[in-house]
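These features come from Swiss-Prot:
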{"type": "SIGNAL", "residues": "1-23", "note": "signal peptide"}
{"type": "DISULFID", "residues": "61-75", "note": "disulfide bond"}
{"type": "DISULFID", "residues": "68-81", "note": "disulfide bond"}
{"type": "DISULFID", "residues": "74-86", "note": "disulfide bond"}
{"type": "MOD_RES", "residues": "98", "note": "leucine amide"}
């Protein structure tokens, strides 16, 4: 298998560039620790209370409703109540198998 001189040169240049980028990231991390990390930025963001309240409401609905008697009991998460279970409408082969199982 023969490689041209140009392809070997390009591979070498790209490898060196990758090592330089990784070195810069590592250097930044060693200097600043987690303070420069994206996870640290997300942790410091204020909590959106409206979103948290909506999620808490859905969670309460799911916990309080073990079975369903109508589509309203599914807390708006799945479209239909089938045989006492909130079942999503899935198309294709998987939907057919789920439909027969329920």
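Even glycines carry a Cβ here, placed using N, Cα and C.
Over all protein chains present, the Cβ of residue 74 (disulfide bond) has 20 other Cβ atoms lying within 10 Å. In this structure, the C-alpha atom of residue 74 (disulfide bond) lies 7 angstrom from that of residue 68 (disulfide bond). Summarising the environment of residue 68 (disulfide bond), the number of other Cβ atoms within 10 Å of its Cβ, over all protein chains shown, is 19.
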